Amino acid sequence: MNPFYQQARFLISAARPDAFPTDEGMEVAFAGRSNAGKSSAINVLCNQRALARTSKTPGRTQLINFFALDESRRLVDLPGYGYAKVPEAMRKAWRKLMEHYLGERACLKGLVVVMDIRHPLTDHDWTMLGWARERGLAVHVLLTKADKIRRGPAMDTARQVARALGDAGIEATVQPFSALKREGVEDAHGILDQWLGLTAEPEARAASE
């Protein structure tokens, strides 16, 4: 566990671009389908129980949450997507906010896309990955809830996802991850370290290698 991430603290929740922190420094954003385990992953990576609040009502939170690691580095929790019961007006507002953040944020260095390892690459995941490709963003895929299946099938799924992304022209690293068992934390930290300028070389072992 890299102690650097344990100092993460809540900075601000933003419903509009004009509420975002100043566009400087470095940010890494986390995106994922509702119930994919995004908030739990952020909490485990920062070794905090309730840094990113989990919701029992998927799709309810439509804010972008910023967490400060130090004066110039931030983690960003994007709204969960893909929940069918969210009203159409809310979906449109969410999409506009996300397009603005992903398209205009100069300090954004990478995007972590969180997927349930049992249900990876949904249509909404592909939409998010398409935005990242258009922007030229670095992408890392966390296949969460890896404790739900055996290690062999988990690694097979990671390789299959990496292959599918490569076939789609999307450069990405992919790894299984379990918030419950805290598996994959060091690999994920290696990617974050690279994007946030904390190390010269990536330390994570990508399934695609």
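Glycine too: its Cβ is placed from the backbone N, Cα and C atoms.
Per Swiss-Prot, the features are as follows:
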BINDING   32-39, 59-63, 77-80, 144-147, 177-179  GTP binding site
BINDING   Ser39, Thr61  Mg(2+) binding site
DOMAIN    24-198  domain 'EngB-type G'
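Recorded features from Swiss-Prot, shown on the structure.
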residue: Gly32; record: GTP binding site; contacts (Cβ under 8 Å, 6+ apart): Lys38, Leu78, Gly80, Tyr81, Val113, Val114, Met115, Asp125, Leu142, Thr144
residue: Leu63; record: GTP binding site; contacts (Cβ under 8 Å, 6+ apart): Ser13, Ala14, Ala15, Pro79
residue: Lys145; record: GTP binding site; contacts (Cβ under 8 Å, 6+ apart): Gly37, Asp116, Ile117, Arg118, Ser178, Ala179, Leu180
residue: Phe177; record: GTP binding site; contacts (Cβ under 8 Å, 6+ apart): Ala41, Leu142, Leu143, Thr144, Ala146, Glu183, Gly184, Val185, Ala188
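When the neighbouring Cβ atoms lying within 10 Å are counted for each of the binding-site residues (Asn35, Lys38, Pro79), the highest count belongs to Lys38. Around Ser39 (Mg(2+) binding site), a 10 Å sphere centred on its CB holds 22 further CB atoms from the protein chains shown. Gly32 (GTP binding site) falls within a strand when secondary structure is assigned with DSSP.
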